[in-house]
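**Student:** One structure coming up, written as structure tokens, with questions to follow.
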Amino acid sequence: HKRLFFSKLFFSLYRFQAFLYFSSVFQAMSCGIHYLASVFMAVTPNFVCGIPGNVSSVLFYNSSESSLEDIWTLWTSTENYIVVQLENGEIWELNQCSRSKREMSLDLAYEYKGNKSVFSCSDGFLYDDTKWKSTVVTQWDLVCDREWLAKLIQPTFMLGVLIGAVIFGDIADRLGRQRVIWFTSAGQFVFGIAVAFTFDYYSFVIVRFLLAMVSSGYLVVAFVYVTEFVGIKARTWASMHVHAFFAMGVMIVALVGFLVRTWWVYQICLSIATLPFVLCCWMLPETPFWLLSEERYEDAQKVINIMARWNKVSTPCKVSELCSVQQDDLVGGRMGDNDTSSTKKHNILDLFCNWHIARRTITVWLIWFTGSLGYYVFSLSSVSLGGNEYLNLFLIGAVELPCYIIACIGMDKLGRRNTLIPFLILSALICVLIMFIPQDFNILIILANMAGKFSIGVAFGLIYLYTAELYPTIVRSLAVGSGSMMCRVGSVVAPFCVYLRSIWIFMPILLVGIMALLSGILTIMLPETLGKPLTNTLVEATEMGRSKKSSSGKTPPAHSGVASEKIEMFGQETVSTEK
């Protein structure tokens, strides 16, 4: 009876759900925008020390120019230096982090063997503005001994993502999804605009940290919100394609970066992109699932009636009938099962209760970490691949769109494990391939990175649902939540991994490849969950996949009533995560 009610509520009514779905996931684009905005906003252009006077002539190797702007096109290495002659006759050598005054030199020549006096860059720096008119690096001179401040911009943002997901995920369970969506949507717009008007580096980082918190909070709650309004049959596809709108946000970053070359204007344009949703998000209703869980039956009935009117259903579901069925299920569950394990409070240690579950947990955590690490390493590195950096980032975002379709089809046709293993190993092989491509083959390098992003994207999207199916009901939310935390740890580590390019250009790719290969090998030991009933106890989860008998086992009849409730609420448990 209960399934009949939910079927009537969520399968027959489709226009209202479609409106809510596309309205909600539209704002997910802003999350993709803000997560990757720093790739152009915090770029470091070519630069040299400032000069203590007016320049009369400039010399770079054998090229003599009248201004520094004409020299930047010849700049090829950070080891280069520029020789300038001032109007007062002084000759200076300008390096990136120091400058030298030539003593007793009257002729302007590039090579000089005489005495020099070395000075610090007390007059600031001169930047190449042929590509970017202004970035946060040039705004606050985040170079040389302040370079580490520039490298903290993306990691501190990702730390805000981690904290925001935890805080707003809990608030959404307490106060409702609707209020959090309102607040985080408005917060993304307000903090996004505020970033453009920050007056120094520290205020910039603090406001960006707050922006990261609300962006992460929105993405977490949006997953829950859309899946509580979408029917069971469409739930996997609907939740998976929230990622697709995130990828569209990455593509918008590339487009706006190409059109706008001043960082604060660029930030304003990115923040305004989702203003339409901020203006209409107050119309979104609370989900009936949350209202019923809070025993606000009249409010839940109002939402159901609105859904019925939108979809022209003459006989909408009655909450009173649904509640009576729920009470019957709960009574039946109590009479048929005296085991109190389902009401016992569980903690993180239950994910290591025995060797089989512990091995499963370590493997799942590693896949979460690897997926996030690979996702952001490929995304953040795309602007350093050579060629047109804007096109590179656009393609890296666009390649995600088909990968989620492949992930959904593979999960349903081949199985979760049988899809996950080949794509993890494939991403490792692609990382190795990238290391053997000559650096002047830009097109091949970009295509290989797109293939790597595609393969790691399939694995990253698939692990959400697979994790929830690997664990029993009593620790399912805990397992998905802990995996999500490992995902965010990977996103914090990813920027530092990208910075290792300064040590060896292939170091980030090598690390991703090693992690992907290790994850793929360990995934072989995980059981397949396609077509298997969800487990309710740790004993059932341990037995899953150990033998043909256990793998084809049936759902215990004693839990039939409660299990159906858990399965119906499954969407809420599996999607309270984010990138």
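Residue positions begin at 1 at the first shown residue.
Cβ atoms here come from the backbone N, Cα and C positions, even for glycine.
Sharing the feature lines straight out of TrEMBL:
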TRANSMEM  12-37  transmembrane segment
DOMAIN    73-531  domain 'Major facilitator superfamily (MFS) profile'
TRANSMEM  148-168  transmembrane segment
TRANSMEM  180-199  transmembrane segment
TRANSMEM  205-226  transmembrane segment
TRANSMEM  238-258  transmembrane segment
TRANSMEM  264-284  transmembrane segment
TRANSMEM  362-378  transmembrane segment
TRANSMEM  390-407  transmembrane segment
TRANSMEM  419-437  transmembrane segment
TRANSMEM  443-466  transmembrane segment
TRANSMEM  478-496  transmembrane segment
TRANSMEM  502-526  transmembrane segment
REGION    544-579  region 'Disordered'
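Would you situate these features in the structure and describe their surroundings?
**Tutor:** Away from its own ends, the transmembrane segment (180-199) comes close to residues 24, 27, 30-31, 34, 168, 171-172, 207-208, 210-211, 213-215, 217-218, 221-222, 225, 263-265, 267-268, 270-271, 274-275, 277-278, 281-282, 284 of its chain (Cβ-Cβ under 8 Å, at least six residues beyond either end).
Nonlocal intrachain contacts for the transmembrane segment (264-284), taken as residues 6+ away from its ends with a CB within less than 8 angstroms of a stretch CB, comprise 20, 23-24, 26-27, 29-30, 33-34, 37, 40-41, 134, 178, 181-182, 185-186, 188-189, 192-193, 195-197, 225, 252-253, 256-257.
For the transmembrane segment (362-378), the residues of the chain that approach it from at least six positions outside its boundaries are 396, 420, 424, 427, 449, 452-453, 456-457, 459-460, 463, 466-467, 470, 479, 482-484, 486-491, 493-495, 497-498, 508-509, 511-512, 515-516, 518-519, 522-523, 525-526, 579, judged by C-beta separation under 8 angstroms.
Counting residues 6+ beyond its ends, the transmembrane segment (478-496) has Cβ neighbours under 8 Å at 151, 154-155, 158-159, 161-162, 165-166, 346-348, 350-351, 361, 364-366, 368-373, 375-377, 380, 463-464, 467-468, 470-471, 573-574, 576-579 in the same chain.
Remote same-chain partners of the transmembrane segment (502-526), defined as residues 6 or more beyond its termini with a Cβ less than 8 Å from a stretch Cβ, comprise 359-360, 362-364, 366-367, 369-370, 373-374, 377-378, 381, 417, 420-422, 424-425, 427-432, 434-435, 439, 452, 456, 459, 470, 545.
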**Student:** Go through the chain and flag residues at least 6 beyond the ends of the transmembrane segment (12-37) whose CB is under 8 A from any CB in it; none is fine as an answer.
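**Tutor:** Residues 157, 161, 181, 185, 188, 192, 211-212, 215-216, 218-219, 222, 225-226, 229-231, 238, 241-242, 245-250, 252-253, 266-267, 270-271, 273-274, 276-277, 280-281, 284-285, 306-308, 310-311, 313, 379-380, 393, 397, 578-579.
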